[in-house]
Amino acid sequence: MHPLDKPAVQFGLAVLTVAVLPLFLTSGILATEILIFAMVVAACNLLLGYTGLLSFGQGIFFGVGTYAAGICLTRWQVPVPLVLAGSAILGAAIATLVGWLSIRRQGVYFVMLTLAFSQLFYFMAYTFSGITGGDNGLLGVPRPSLGGAELNAPWSYYTYVAVCFLAIFAILVMVTQSTFGRTLIAIRENEGRAAAIGFPTRLFKIEAFAISGAVTAFGGALHAMLIGVAPLSNIEHHTSELILIMTIIGGSSSLFGSVLGAGFYLLLADALSAVWPRWLLLLGLVLVAVALFLQRGLWGLVERLYDAVLRREPSPTKPAEEH
Amino acid sequence: MIYLFQILNGIGLGMLYFLLAVGLSVIFGLLQFVNFAHGAFYLLGAYLTFDLTQRGFSFWAAMPMATLIVAGIAAAIEALLLHRIYKLPHTFHILVTVGLALVIQELVIIAWGPLGGSVPAPEGLQGVVIAGDFIYPQYRLFTIGFTAVLAGLLWWLLEGTRLGAIVRGGSESPSNMALLGYNTMRINTAVFGFGAGLAGLAGALAAPIRGVEPFMGVEALSVAFVVVVIGGMGSYTGALVAGLLVGIVQSVMTTVWPEGARLMIYLGMALVIATMPRGLLGRA
C-alpha cells in the first residue's frame with residue numbers, strides 16, 4: 001500500500017482540508033459546498049473505485065435527500081438531526097431499489113440503466129410537482145440551529161457541515177478498511193472468483209449501493225439547507241454527471257482523491273463561470289485530457305509527486321534499470 | 001380516433017428512436033464502446049438542419065447535408081481522438097464521450113444561442129392528409145414512410161451486403177479481420193461516422209416535428225439507452241421493437257396523462273428490467 005493510502009493519513013488529510021479551506025476561501029458558501037460534494041463524491045467512489053460499479057444515478061439519491069429535507073423543513077418543522085437521519089435512510093432504501101434493478105445487468109448495460117433511472121426519478125420529481133414544487137423547487141429551506149443559536153452565517157453553517165463531513169469520511173474510511181470493504185475490492189477485481197469462494201456478490205453490491213445512497217442523500221439534505229432551496233436541478237441528469245466527473249477527476253483509487261476531485265471541480269467552476277458563461281466547453285476538454293494523460297486522476301498526481309519528493313528508494317512498480 | 005392519431009405519432013417517434021438506437025448499437029457492436037456523445041450528434045444534426053433551412057436551403061437538401069456533416073465530424077473525432085482510448089477501461093470511454101458531448105452542446109449554444117427555434121415542415125409536406133374525419137400532418141406521415149424504407153435499407157446493408165459482413169466480422173474478431181487484410185482502423189472510423197450519422201439524421205428528421213433546443217441531446221441519449229436496454233444492444237429487431245414500443249407508449253400517454261408521458265417510458269423500462277432482466281428479446 002502506498003503510504004498516503006493509510007487510513008490515518010487519509011483522515012488526517014480530510015481534517016487538514018477542513019482547517020485549510022477557511023484560510024484560502026472568502027466565500028463560506030463555496031467552502032461548505034466543497035465539503036458537501038466531497039462526501040457525496042467519496043460515496044460515489046465507494047461504488048466506482050472499490051466495487052467497480054460506474055453509477056450514473058448518484059443524482060437520484062442527492063435529489064431524494066434534497067427533497068426529503070425540503071419537505072420536512074418547510075412543511076412540518078421536523079428537527080434537523082432527524083431530517084438528516086431520515087434522508088440517509090430514505091436514500092439507502094431508494095439506492096437499494098435502484099441497485100437491485102441495475103445490477104441485474106452488467107458492464108455497459110448497468111451504466112445505461114443507472115442513467116435511465118436518473119431520468120425516471122427526474123421525471124417523477126417533475127411530474128409530481130404538488131410534492132416537489134416542480135420547476136420552482138421548494139423555497140425557504142431554513143438552516144439548522146444549534147442550542148438555540150441559528151447557524152445562518154455561512155461560516156457557522158460551514159462548521160456544522162465540517163463536523164458531518166469528518167464523521168462521514170471516517171465512516172467511509174472504516175468501511176473500506178473492513179472485511180466488507182476488502183470483499184468489495186475482491187468483487188471488483190474478479191467477480192466470478194469472489195462468487196466461487198462463496199460470497200453473495202449481488203448482496204454485497206446492493207449493500208455498497210445502500211451505503212453510497214445514504215451518504216449521498218445526507219449530502220443532498222445538507223445542500224438544500226445550504227442554498228435555502230430544494231431545486232429540481234439537484235435530481236437532474238446533470239447532477240449525476242457532475243458527481244461522476246468529480247469522482248473520476250479526483251481519482252478512484254483513494255477516498256481522499258474524491259475530496260480533491262470535488263474541490264478542483266467546484267473551484268474551477270467558480271473561477272471560470274465568472275469569466276465565461278460557456279465554460280463547460282473547457283470542462284469537456286479537461287475531461288478528454290484527464291482520460292488521455294491523467295488516468296489515475298488528481299490523486300495519482302499527488303502520489304507521483306510524493307514519490308518524487310519524499311521517497312528516495314525507487315518505487316516498486318518501476319524495476320531498476322539494468323546496465 | 002385520438003388514439004389512432006397518437007399511435008401514428010408514436011410510430012413516427014419510435015422510428016426516430018430506432019435510428020438513434022441502431023446507430024448506438026452499431027458503434028457498440030464494432031468498437032465495444034458506449035458513445036455518450038450520441039445525443040450530441042442528434043443535437044448537431046437537428047441544429048445543422050435548422051441553420052441550413054434558415055440560410056434558404058430546402059429541407060430536402062438540408063437533411064442529407066446535415067447527416068453527412070455530422071458523420072464527417074464524428075469520423076474525424078474518431079480518427080484523431082477516440083482510437084487512442086479504445087484500450088482503456090470503459091470508465092474513460094464514458095469520460096471522453098461525456099466530455100465531447102459537453103463540448104458539442106456548448107458549441108451549439110455559442111453558435112445558435114440558448115433559446116432554440118423551430119424548423120418549418122418542408123415544402124410539399126406542409127398540409128394535412130384527410131381521410132374521412134381523420135386528419136394527419138403530411139410531414140409526420142412522410143417520416144413514418146421514410147424511416148420505414150430506411151430501416152429496410154439498413155437491414156439489407158447490415159445483413160445482406162459485404163460491407164455489413166465486414167462490420168459484423170469486425171465486431172466478432174478485430175484481429176482476424178486484420179489478418180485477412182482489412183484495415184480495421186479505417187473500418188472503425190467509417191463505422192463510428194456511420195453510427196453518428198444515423199443519430200444526426202434522426203435529429204434532422206425530428207427538427208420539423210419538435211423544433212430545436214440545446215438540451216434535446218440529453219433526452220435523446222437516455223431514450224436511446226432505454227431502447228437499447230430493453231431491446232438488446234447489437235440486435236436490429238430488438239431496437240426496432242423496443243423503439244416502436246417506447247414511441248407508442250410515450251405518444252398514447254400524452255393523451256391519457258400528459259404530465260407523466262415521459263415518466264411512463266422509464267417506469268415501463270423499470271418494469272421490463274424487473275420482470276425480464278435480459279430485455280424483451282432475451283439476448284445479450
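Any Cβ shown, glycine's included, is placed from N, Cα and C.
Bear in mind that the values here come from a model prediction, so they are computed numbers and not experimental data.
When Cβ-Cβ distances below 8 Å are used as the criterion, the transmembrane segment (A:12-41) is approached by residues 58, 62, 153-155, 157-158, 161-162, 164-166, 168-169, 172, 215-216, 218-220, 222-223, 226-227, 243, 246-247, 250, 256, 258-259, 261-263, 265-267, 270 of the same chain, each at least six residues removed from its ends. Per TrEMBL, the feature transmembrane segment maps to A:12-41 (among others).
Marked as transmembrane segment by TrEMBL: A:53-76 (among others).
The transmembrane segment annotation in TrEMBL covers A:82-101 (among others).
Sequence annotations record features per position, and here TrEMBL assigns transmembrane segment to A:108-128 (among others). When Cβ-Cβ distances below 8 Å are used as the criterion, the transmembrane segment (A:108-128) is approached by residues 53-57, 59-60, 63-64, 67, 98, 101-102, 134-135, 232, 235-237, 240 of the same chain, each at least six residues removed from its ends.
According to TrEMBL, the transmembrane segment annotation covers A:155-175 (among others).
If you look up TrEMBL, you'll see A:208-230 (among others) marked as transmembrane segment. For the transmembrane segment (A:208-230), the list of distant contacts is 29, 32-33, 36-37, 39-40, 42-44, 46-47, 50-51, 53, 55, 58, 61-71, 73, 80, 83-84, 87-96, 98-100, 103, 132-133, 137-144, 157, 161, 164, 168, 171-172, 175, 184, 243: same-chain residues at least six beyond its ends, Cβ to Cβ under 8 Å.
If you look up TrEMBL, you'll see A:242-268 (among others) marked as transmembrane segment.
As annotated by TrEMBL, transmembrane segment applies to A:280-302 (among others).
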